[in-house]
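Features as listed in TrEMBL:
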type	residues	note
BINDING	75	pyridoxal 5'-phosphate binding site
BINDING	231, 358, 423	tRNA binding site
BINDING	273	substrate binding site
COMPBIAS	435-445	compositional bias 'Basic and acidic residues'
MOD_RES	244	N6-(pyridoxal phosphate)lysine
REGION	435-460	region 'Disordered'
């Protein structure tokens, strides 16, 4: 509604009403102007009316929506259902980062393919082991040979073997190494790679460094590792998932870095012509939350990490197990399952299916001795990030958006599953019975989640 149309409105409606309406609209437009001027997430979130106005303005300027447009091409943005269509606009390239409508694995592939032009003779990627199929396949898909470096066990933690990385570089020749591919966010007992030290090694040998930061944006510790690595050494790009960090649907990633020209080079490598939905989803989410809303979610996630660790520790001790000591992992926790495996060998794998049928999602049960071939490479001890981890274990993570009710209900259901396994194994009267009774009292504190609790009773 421009000034001319507002003037015409005064012929039909009282001018005072028109002026009030124009003033209200200017409030929305001012928020949009600040966004475009500053180019960053607003401090306070917008209401839905402002977001809809902004998206409508963008959609109107899309050529698919031009009035009188006559499309005779094979791709004209036509949709059969308005539920599918929604708004059509694209916000994709930003200074220093690139929003890609692909998952993290394929986004990593894009980084590797871009590096190929800079290092045409290189064929190897040095990769401190993390048992995640899409990460491994991202290197194979790009046509490179992953060189897997086994982690070292320090206490309960699996950490980067820096000496082994150095040896591999000397053995292969720095000129034959495309990059070092490190990881921040991961499942305990593996912890983030020693990114700072790896960045220093990469700078020393003039080797690119790509970081898989899949769900690390939500962790200040993971982001600090990347910042420090870039400060003291070399980090060419780091890739993070949209859904894992910004609570949007699956299917997008952000490729970011400290050298804008390299990020632009990656963006030119992308063939384009893909859905703008991931960009649009994260735009709407950040405008809704605002910077303060997102920071609040990050603060709550940290608090829930502490709560989850406390509850999991109590539960582990009640069942003769322990919470593995992994202080360098800021998101994921692990609880040992050694006594269950010793008494009832099938218990570990059975526990995973029991949790799944009781609607506990995200928990991972890792048995000993798994072996799997991925992309032609045989991983011994698959899922445990190590050929010889000392005990089976269960993972749980405190990721963005988790609530106290999620933790309470998970602990209650896990406790019931463990009790059921003990009963099947005929060890219900073991020495932890007293602690079990303590756990029974502890569970009573979570009865405020009445609806979830009653559903749990039904499943049990």
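Cβ coordinates are placed from backbone N, Cα and C, and glycine is handled just like the others.
Note: TrEMBL annotation is automatic and uncurated.
Here the structure is a predicted model, which means the values were calculated and not measured.
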Candidate nearest residue 244 (N6-(pyridoxal phosphate)lysine) in space, where candidates are the binding-site residues 231, 358, 423 and distance is Cα-Cα:
358
Cβ-Cβ under 8 Å from residue 423 (tRNA binding site), same chain, 6 or more residues apart: which ones?
none
Can you tell me how many other Cβ atoms are located within 10 Å of the Cβ belonging to residue 358 (tRNA binding site)?
18
Give the maximum pairwise CA distance in Å, whole number, for the residues 231, 358, 423 listed as binding tRNA.
55
Here are the recorded positions: 231, 244. Which has the lowest count of other Cβ atoms within 10 Å?
231
